[in-house]
Amino acid sequence: MDLKSLSIKMGVAPPFVVMGITLVGIWLFQALLKRINRKWQRKAALPPGSMGLPLLGETFEFFARSPSLDLLPFFKRRMERYGPIFKTNLVGKDLIVSLDPEVNHFVLQQEEKAFHIWFPESFMRLLGEENIAKCYGSLHKNTRNLIRRVFGPENLRLVLLHDMQGAVEKCLSSWHDSPSGVELKPALSSMIFGIAAKWMIGHEASVLSGDLWKNFDAFNQGLLSFPIHIPGTAFYRCMQGRNNVMKTLKQVLDDRKKAGTRERMDFIDVVVSELSKENPALSENLALNVLFLLIFASFETTSSALTAAVKFLLENPKALQELEDEHQQIRKRRADPDAEITWEEYKSMKFTSHVINESLRLANVAPVLFRKAIKDVQIKGYTIPEGWIVMICPPAVHFNPTTYDDPSVFNPWRWKDLPEPVGGSKDFIAFGSGLRLCVGIDFARLQMAMFFHFLVTKYRYCTKPNVVTFRSIFFNEKIIMHGTPQFMHVINIVNVVFCDRLKVISGGDMECGPGLWFPNGFRIQLELKK
């Protein structure tokens, strides 16, 4: 018996089989080494930073509120220690935080190329299983186009400009009639909600708005609560509010399908028309979730920005006077001073636009933006590994002294020498940037401008304060304290402010964190001009 026959008989593999197995083993070993080496390279290239406590990370410090409107202490301390790019862990999630304007701009411009928009899982639950944050490519583009049919510049010019003026005048009149004044933030939320709901779900909003508003408010109150879905918790009430709103929206959609085509279209009509096509651009569930998010985002963010803007203006009489002068000049140029604002007049409101830009820059109603890396990304000597989250911090951009002189100062005049931020830019990301630029940007700016017009032309306001609460974010100005002229920054002298025309009854403090808060409210009282 020869050796080959003996090898086969004894179960020993032929040499070519042994060689093949050996080569495969070597290849697998090399692949494993490459994978291990790549992981070590990733780890070595990660930005510096601390991951904090197990499971919790550095969550508690991040969520702490601050009375300052610029960078949170959480960011300041880590920037001093690690630089503008660092790693951390929040709520068990590994993150890379970018306070670098160039990195922020790069990440936002790489949407769908290297990054995807991302939200925490608890927030995604609130947006629904199908939502616009999960829309990519043509689905995202088509959904935005549907929204712009209602909230794009053309419909704003032809229809919404008229509707906004009537809604704002009616709202301000009701505030004036209240002897106890009005809490500005919730009152503005209610006003903007009414306008948005009308153009989302039509005239049914006037009948449904009471219950809708209560449920949206419940949703808003629990939005940033700890995600425990147990009866009695804020998160549970938040989810209940959302579920109730979704039932109402579904009923409105079903009723509209049966009603047929109407002459005056709102977003529900746009959705019905799209769903009737053989190959609709979106599903019914996605449409309802988009509808929910649009109504909520329209009133919550804009009302916060407007409340902050009113506070900034009341503490800067010079800016307030120039704002009034601009709007009074518009009235003087008309044959009828009380005629409606035209689109051309709106576009001529240059200083108003500066005030809006500056208010949005300081208020930062969206203080963080999230993106998820869909592949390994190399930038500024660091690696952002695939699957990691990047937290972008708009205040780091908006308080950058390289771009903005005295960035903590409310100074609308600075925008005379700065380019108008029509969309997202490297230095202004109040509405985001890139493919995810806020689709409601034109609606929000128009809403703010209309509010300013009627506020400063129809009502009295503070021009020569007797005692005024100044905060450290405002510029040095000669003020009177206890009869003594002083030049200084004054932080929270009093909580009650009395002006010779407008009466700020209470509140006005602002706090920043993962959102913008008015912890003691902001109650004002209006007086009609004579």
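Here the Cβ of each residue, glycine as well, is placed from N, Cα and C on the backbone.
Marked as heme binding site by TrEMBL: Cys438. Non-local neighbourhood of Cys438 (heme binding site): Ala297, Phe431, Gly432, Ala444, each in the same chain, at least six residues away, with C-beta under 8 Å from its C-beta.
Feature annotation from TrEMBL assigns transmembrane segment to 12-33 (among others).
Sequence annotations record features per position, and here TrEMBL assigns transmembrane segment to 286-314 (among others). Only residues 6 or more beyond the boundaries of the transmembrane segment (286-314), in the same chain, are considered here, and those with a CB under 8 A from a CB of the stretch are 127-132, 135, 143, 147, 151, 184-186, 188-193, 195-197, 200-201, 216, 219-220, 242, 245-246, 249-250, 253, 267-268, 271, 274-275, 320, 323, 355-356, 358-360, 362-363, 365-366, 410, 438, 440, 443-444, 447-448, 451-452, 455, 461-462, 468, 474, 497, 499, 502, 504, 508, 510, 516, 518, 522, 524.
Following the DSSP three-state reduction, the secondary structure of Cys438 (heme binding site) is coil.
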